[in-house]
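Annotated features, as they stand in TrEMBL:
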type	residues	note
BINDING	Tyr36, Tyr175, Gln179	L-tyrosine binding site
MOTIF	41-50	motif ''HIGH' region'
MOTIF	235-239	motif ''KMSKS' region'
BINDING	Lys238	ATP binding site
DOMAIN	363-424	domain 'RNA-binding S4'
Amino acid sequence: MTSALLEELSWRGMIHDSTDPAELRAHLDSGARRVYMGFDPTAPSLTIGNLLAMTLLIRAARAGVAPVALFGGGTGLIGDPSGKSAERQLLSADDVAANVARHQELARSIFARALEPEQMPLFLDNSAWLGGLGMIEFLRDVGKHFPVGEMTKRDMVRRRLDDPNAGLTYTEFSYALLQAYDFRRLCEDHGVTLQMGGSDQWGNIVAGIDYIRRVLRTQAHGITCPLLLRSDGTKFGKSEKGAVWLSADRTSPYTFYQFVINLSDEDARRFALFFSLTDREPLEKLFAQHAETPARRTLQRHLARELTTLVHGPEATEAAEAASEALFKGDVRAIGPEMLGDVFADVPSIDEPASRLAGEGWPVVDLLIAVGLASSKRDAREHLGNGAVLVNGVKATDPAARVTAADLLHGSVVLVRRGRREWRVARFA
């Protein structure tokens, strides 16, 4: 029963707006249906916000609603102004096409880990029909169906028009028409009758539904999901260092894993409801188990493992877990060379010539000063005497100790820790 999708989204708190619920339920149960979501290719990679869109399509596919993933090779030349306070910088056609190709490749790998081959989404690019759409044809076949008075009532349009420092270009004003035309083409050519998106897309979705009703005499439907916010009201898609990307070259599997496992209890529950593909009963048991002993972070560990596997695969997840465990135990020698760079990517570091380690080596006292873990030799000796210093995971207590080339990790690195959390990296070349 395809209306099982509505039940799934409802208990997870993932329905912000929708067309008439009774009509939508009847529509989904009355035959084979298709749903689409759009992916904006104006960023160089997909983000964790896009992962939410993908999990919505995965839930649809598992409920028996055929998914369609629409990539904006055409609309990406303009950029969706929804939720933006200023006009986007326009990308070249080549850049947009390259982004679409990267996004599709990444999305396919994620969908393939969650779905059977016969459940995979249909991938489309709206440049296929927008690229050849002439201005006269657009104004005659699309523009005439959109009263300007109605369009100016939309929140985004009104907000931008009322802001003397922002304004709204005709290009941005017309974006909703292009998205509506997408919905029409998908309905006409592929039988798509349901569009899902974030809550900031509701105006665009309604515009498409109205357009389809006027032109095709068909009733289409829409659902939006709440914006993904932390308990403090900030956007979930950001870390302290910026966007959380899905491509490993921009956000490493280890960093992605750490982002999830470090969620607060409140945020982890909301994150699980929105992102986890675990069924309701085992997920509710997990919530109860976590509530009994929050300090064990059972929910965060489950989520980090599940989502890192979904995005990066099981091998990357195992490596991220192993590195996390090794770091917790201080056993940095167990971390491989590639993972080592990810784990300590944001740790303060210094670069020194390999000659520092020649002969008898570099005094640990001087190393502590160089990496900023001691203010003087006396300070360094006190830390050593207190047993607060680890060099490459080994406790250093001798103030006369030296670091030599034989001590290097993977032939080039020395890791220094003072106390439980203060790490430094010294690289030698």
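Backbone N, Cα and C define each Cβ position, glycine as well.
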Outside the motif ''HIGH' region' (41-50), at least 6 residues beyond either end, the same-chain residues with a Cβ under 8 Å of its Cβ set are 71-73, 76, 79-80, 88, 91, 96, 99-100, 102-103, 106-107, 198, 228, 236-237, 243-247, 250
On the three-state reduction of DSSP, what should I expect for Tyr36 (L-tyrosine binding site)?
strand
Taking every residue in the motif ''HIGH' region' (41-50), the average pLDDT works out to 94
For the domain 'RNA-binding S4' (363-424), how many residues does DSSP put in helix, in strand and in coil?
19 helix, 19 strand, 24 coil
Recorded L-tyrosine binding residues, Tyr36, Tyr175, Gln179 - maximal Cα separation rounded to whole Å
18
